[in-house]
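Student: Copied straight from Swiss-Prot:
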BINDING   Gly207, Glu208, Ala209, Gly210, Val211, Gly212, Lys213, Thr214  ATP 1 binding site
BINDING   Gly608, Pro609, Thr610, Gly611, Val612, Gly613, Lys614, Thr615  ATP 2 binding site
COILED    392-526  coiled coil
DOMAIN    3-147  domain 'Clp R'
REGION    6-71  region 'Repeat 1'
REGION    84-147  region 'Repeat 2'
REGION    160-341  region 'NBD1'
REGION    342-548  region 'Linker'
REGION    515-534  region 'Disordered'
REGION    558-766  region 'NBD2'
REGION    767-866  region 'C-terminal'
Amino acid sequence: MDTEKLTTMSRDAVTAAVRLALTKGNPTAEPVHLLHAMLMVPESSVAPLLKAVGADAARVDGAASAAIDKLPSSSGSSVAQPQLSGALARVLADAETRADKLGDQFVSTEHLLIALAEVDSDAKNILASNGVTTAALEKAFNDSRGDKRITSAESEGGESALDKYSIDLTQRAKDGKLDPVIGRDSEIRRVAQVLSRRTKNNPVLIGEAGVGKTAVVEGLAQRIVKGDVPDSLKGRRLVSLDLASMVAGAKYRGEFEERLKAVLNEIKSAEGQIITFIDELHTVVGAGASEGSMDASNMLKPLLARGELRLIGATTLDEYREHIEKDPALERRFQQVYVGEPSVEDTVAILRGLRERYEAHHKVRITDSALVAAAQLSHRYITGRQLPDKAIDLVDEAASRLRMEIDSSPEEIDTLRRQVDRLTMEQFAVEKEEDPGSKARLARINSDLADAKEQLRGLEARWAAEKEGLNKVGELKTRIDALRTEADKHTRDGDLAKASEILYGEIPELNKQLDEASAAEEDSQGKSMVSEEVTSDDIAEVVSAWTGVPVGKMLEGESEKLLDMENRIGKRLVGQQAAVKAVSDAVRRSRAGISDPNRPTGSFMFLGPTGVGKTELAKALADFLFDDETAMVRIDMSEYMEKHSVSRLVGAPPGYVGYEEGGQLTEAVRRRPYSVVLLDEIEKAHPDVFNILLQVLDDGRLTDGQGRTVDFRNVILIMTSNLGSQFMADPSMSPEERRNQVMAVVKDHFRPEFLNRLDEIVLFDELSREDLDKIVDISLDKLNRRLAERRISIDVSAAAREWLARTGYDPVYGARPLRRLIQTTVEDQLARAMLAGTISDDQKVSVDMNQAGDGVDVKGEAPVSA
């Protein structure tokens with residue numbers, strides 16, 4: 001026979017039979033080899049067909065293996081490639097004849113099985129002994145496949161290539177397996193309009209990842225099922241083509257094209273009854289292409305142009321530009337339908353529509369405030385992703401976290417279990433003692449253990465009852481959802497009596513049970529051990545886990561912290577009350593929602609002499625806002641003095657070295673969008689740097705070298721400068737005169753459009769002698785914290801503190817001389833003493849004035865008491 005007429009599975013079965021004969025050393029491949037090989041293929045339709053006629057496939061396979069073992073065999077290196085026996089050749093010829101009579105274009109494994117039952121051989125005897133006859137097989141085969149015919153090498157047992165390489169979305173909609181689609185009416189209507197055209201009726205959905213392109217197609221499938229579509233689309237099948245399955249396992253050249261051609265022929269022969277959907281449409285360009293073969297897009301073009309294939313595509317803007325637009329012949333066959341990101345209000349509506357599905361899945365209750373919080377917080381805090389996808393993910397993860405907490409033991413039970421374990425171990429240890437004290441202790445332990453076990457049993461019973469109540473609510477919701485799907489099916493089938501029975505009988509009864517169970521849960525919520533409600537707090541915790549922003553910064557506690565901002569930062573930063581107040585006011589305006597949400601949280605320029613706390617305020621601000629001092633991006637602008645170095649901030653342009661690395665500023669903010677950005681010594685930067693910063697200050701965004709938009713809306717931008725510091729140290733000027741002089745210098749150096757975009761220009765005052773006293777205390781506290789790891793404590797006398805403040809005071813250089821003084825006088829002496837062994841761990845150290853009164857002495861005292 002012509003082996004080209006065998007289906008892929010039949011060809012594989014014959015090849016496996018020959019290989020089996022070679023392995024066993026048989027000179028020829030017999031029908032029993034083929035029978036055994038067909039039963040060894042997991043995807044084969046042979047085993048189900050045998051089952052349909054009442055035979056046991058495993059028993060048939062065992063008999064075939066036993067028959068193969070009885071065949072003549074030879075061993076050694078001289079074993080030749082087995083040939084097909086005469087009986088097997090007759091089986092193949094008989095199968096081909098049967099296929100032709102049945103109108104099949106290819107010979108499947110079912111045809112081979114029927115032929116094995118017909119042609120005289122050991123295989124026929126095995127099948128007959130198991131009650132398998134040709135007539136029974138033919139009847140079962142025809143019943144299973146109906147009017148389907150094998151029209152391609154990929155078809156098997158009447159299974160169409162389309163069913164094999166696609167997912168029927170309309171069937172999934174009938175089965176209630178698709179999530180409800182809320183909104184998107186205009187996009188679905190536009191898709192329906194394009195599909196109703198005579199030619200080029202192929203819409204392509206274009207939009208950012210996560211905006212709901214696939215949901216539009218699922219919405220169309222649901223409308224087709226309900227009949228809520230134009231007449232030209234009523235009763236149509238909407239199938240999603242699975243290109244990955246089509247390419248997977250295509251071993252031979254032309255096999256992929258053969259599979260795709262079979263699918264396309266089926267769609268074409270359906271005469272418009274099938275609408276095809278390809279997600280990630282750009283994958284058809286180049287799919288299956290190899291030397292001398294045609295890719296999928298070129299095979300689709302003729303059908304698309306003639307209107308014989310109604311295809312819906314979905315892809316992102318970038319992929320469309322990169323793949324589809326490069327092929328004008330393919331692009332012109334599609335009509336673009338843009339799918340934009342929904343608003344926060346629309347996202348809340350979408351979440352409300354999905355709530356029931358997620359409640360049933362996680363068996364928890366999701367409050368409306370949680371849905372609103374998910375939409376608002378994801379829009380505000382999660383950048384780089386689109387609504388509604390990111391909001392749905394928030395709700396899903398928050399519900400998942402709560403479900404895990406419900407399934408885990410509550411803290412009270414965990415504590416009691418550990419207590420029972422500890423008392424049990426103590427009981428075993430004390431039981432061996434015979435003295436009266438131990439016996440009294442044992443009695444006390446036994447009493448405590450009995451009480452703990454009794455308490456634990458009560459809590460475990462209560463917890464089990466609460467879990468049962470929660471699970472009951474979830475199960476009721478799942479049953480109601482399944483009944484609604486069943487009612488829809490009966491309505492479509494015209495069985496209105498059954499649909500009415502479900503809608504007006506079974507569902508109301510279940511709803512009543514659900515209300516009772518929910519009411520019981522709500523009554524016990526105040527005293528329950530586990531919560532079953534997803535609230536806005538849970539959503540905020542997930543946002544915190546994703547972005548690193550502390551939860552307390554987004555909920556009620558934020559207002560108290562913001563109102564106390566000056567005092568909290570003042571504990572760390574001495575003096576500069578005006579600077580702290582200016583920064584605090586700007587942050588409060590932003591968090592209260594009064595300032596422009598499309599600009600950075602705050603943008604400040606700190607002016608003043610060195611060592612007065614400009615950088616320290618930036619660190620304190622990062623610690624206050626983000627509970628982490630390291631949440632600060634520090635860039636030394638003296639590194640950006642040359643024109644060519646400016647591009648390092650946003651990344652090298654395409655074609656230049658370092659293009660893939662991104663920019664120092666943009667990458668830092670992209671990875672950590674909630675941070676304080678400190679641009680130190682801003683006056684040293686090249687003027688072109690300020691052109692870049694204009695976009696950040698005005699729009700809160702910046703495009704990097706790779707074309708990605710980086711969001712600066714949640715960044716506090718701080719620039720420091722020493723410009724005009726000579727006037728700050730002039731005692732002959734009043735504060736107003738000093739400010740005017742400094743601002744004159746600043747205006748000469750920076751352009752007006754740059755200065756005009758800043759929230760505040762803050763002038764730092766010189767540190768006073770009194771300020772130095774406080775800084776001494778702060779510096780010594782830091783030293784004490786560093787030494788705490790070695791359990792060493794330092795006690796500095798008042799005289800020594802006063803001397804350090806007096807000697808370290810320098811109005812020109814600020815607080816830095818004091819830091820150096822503490823380093824050279826206290827830390828150096830301490831280090832020498834520790835190395836010499838005169839001061840060791842767990843020891844108290846005293847610091848006092850020396851006898852000459854021109855320095856301090858560091859001495860070890862008694863060990864620190866435990």
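Note: Cβ is positioned from N, Cα and C throughout, glycine not excepted.
Since we're looking at a predicted model, the values are computed, not measured.
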Student: Considering the binding-site residues Gly207, Gly210, which residue's Cβ sits among the greatest number of other Cβ atoms within 10 Å?
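Tutor: Buried the deepest by this measure is Gly207.
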Student: Radius 10 Å, atoms counted are CB only; among the binding-site residues Gly608, Pro609, which position scores highest?
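Tutor: Compared across Gly608, Pro609, the most Cβ atoms within 10 Å surround Gly608.
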Student: Going by DSSP, how much of the region 'Repeat 2' (84-147) is helix, how much is strand and how much is coil, in residues?
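Tutor: Helix/strand/coil tally for the region 'Repeat 2' (84-147): 46 helix, 2 strand, 16 coil.
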Student: Across the region 'C-terminal' (767-866), what are the DSSP residue counts per state (helix, strand, coil)?
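Tutor: When I sort the residues of the region 'C-terminal' (767-866) into the three classes, I find 53 helix, 21 strand, 26 coil.
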Student: Given the binding-site residues Thr214, Thr610, Thr615, which one's Cβ is surrounded by the fewest other Cβ atoms within 10 Å?
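Tutor: Each of the binding-site residues Thr214, Thr610, Thr615 was scored; lowest Cβ tally within 10 Å is Thr610.
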Student: So of Gly212, Gly611, Gly613, which of the binding-site residues has the fewest other Cβ atoms within 10 Å around its own Cβ?
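Tutor: Result for the binding-site residues Gly212, Gly611, Gly613: minimum number of other Cβ atoms within 10 Å at Gly611.
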Student: Between the binding-site residues Ala209, Val612, where is the Cβ count within 10 Å the lowest?
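Tutor: Each of the binding-site residues Ala209, Val612 was scored; lowest Cβ tally within 10 Å is Ala209.
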Student: In whole Å, how far is Glu208 (ATP 1 binding site) from Thr610 (ATP 2 binding site) when you measure between their Cα atoms?
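Tutor: Counting only the Cα atoms, the answer is 48 Å.
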Student: Can you tell me which of the binding-site residues Gly608, Gly611, Lys614 is spatially closest to Val211 (ATP 1 binding site)? Compare CA atoms only.
Tutor: Lys614
Student: Around the ATP 1 site (Gly207, Glu208, Ala209, Gly210, Val211, Gly212, Lys213, Thr214), what further same-chain residues have their C-beta within 8 angstroms of the site's C-beta centre?
Tutor: Thr316, Val339, Glu341, Gln386, Asp389
Student: Test of understanding: give the count of other CB atoms lying within 10 angstroms of the CB of Lys213 (ATP 1 binding site).
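Tutor: Cβ-Cβ neighbours of Lys213 (ATP 1 binding site) within 10 Å number 26.
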Student: Which of these binding-site residues is closest to Glu208 (ATP 1 binding site) if you go by CA atoms: Gly608, Pro609, Gly613, Lys614?
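Tutor: Answer for the nearest of the binding-site residues: Lys614.
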Student: Check Glu208 (ATP 1 binding site) against DSSP and tell me helix, strand or coil, would you?
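Tutor: For Glu208 (ATP 1 binding site) - judged by DSSP and reduced to three states - the answer is coil.
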Student: Near Lys614 (ATP 2 binding site), which residues of its own chain have a C-beta under 8 A away, given they sit six or more steps off in sequence?
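Tutor: Spatial neighbours, sequence-distant, of Lys614 (ATP 2 binding site): Phe606, Gly608, Thr720, Phe764.
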Student: Say you check the Cα of Gly212 (ATP 1 binding site) against those of the binding-site residues Pro609, Gly611, Val612, Gly613, Thr615; which is nearest?
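Tutor: Going through Pro609, Gly611, Val612, Gly613, Thr615 one by one, the Cα closest to that of Gly212 (ATP 1 binding site) is Thr615.
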